[in-house]
Amino acid sequence: MQTTGALLISPALLRSCTRGLIRPVSASFLSRPEIPSEQPPCSSVPLQVARREFQTSVVSRDIDTAAKFIGAGAATVGVAGSGAGIGTVFGSLIIGYARNPSLKQQLFSYAILGFALFEAMGLFCLMVAFLILFAM
């Protein structure tokens, strides 16, 4: 039977070499550099210790940028809906006033309320688009 090199490694050496693998990411980045102890170095062991780093390639950055623009474009569709809603509200105001001029004040107050609701939704959609573009 063949024995592999992994079975011949002492437990202390294995613990010292895999210490970086079991630490949380925040502890790996925020801790101070460790003082070397009297344990044997890991360089003689054929184990490859994985380093936890945030790496972004050009392709992943391009995908993130494209996703930002697609999300912001989808959020601005609501602004067009807001414009259509405001047009509908004031069109209905004109039609209602033409049918019954005595209700001018009540129709106008309802039209202003409808305008405010549609305008708020449009501004909310625009705010979400800007948040997607500049805050993420």
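Positions of Cβ are set from backbone N, Cα and C atoms, glycine also.
DSSP classifies LYS104 (N6,N6,N6-trimethyllysine) as helix under the three-state reduction. Here Swiss-Prot flags LYS104 as N6,N6,N6-trimethyllysine.
Mapped onto three states, the DSSP output places GLU119 (site 'Reversibly protonated during proton transport') in helix. Non-local contacts of GLU119 (site 'Reversibly protonated during proton transport') by the CB criterion (under 8 A, 6+ apart in sequence, same chain) comprise SER82, ILE86. As annotated by Swiss-Prot, site 'Reversibly protonated during proton transport' applies to GLU119, with the evidence given as similarity to another entry.
Summarising the annotation, Swiss-Prot assigns transit peptide to 1-61.
Within the chain carrying the transmembrane segment (77-97), a Cβ under 8 angstroms from the stretch's Cβ atoms is held by residues 103-104, 107-108, 110-111, 114-115, 118-119, 121-126, 128-129, all 6 or more beyond its ends. Among the features that Swiss-Prot reports, transmembrane segment is placed at 77-97 (among others).
Beyond the transmembrane segment (112-132), the same-chain residues lying 6 or more positions past its ends with a Cβ under 8 Å from any Cβ of the stretch are 68, 71-73, 75-79, 81-83, 85-86, 89-90. If you look up Swiss-Prot, you'll see 112-132 (among others) marked as transmembrane segment, on the strength of sequence analysis.
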At a 10 Å cut-off from the C-beta of LYS104 (N6,N6,N6-trimethyllysine), count the other C-beta atoms across all protein chains.
12
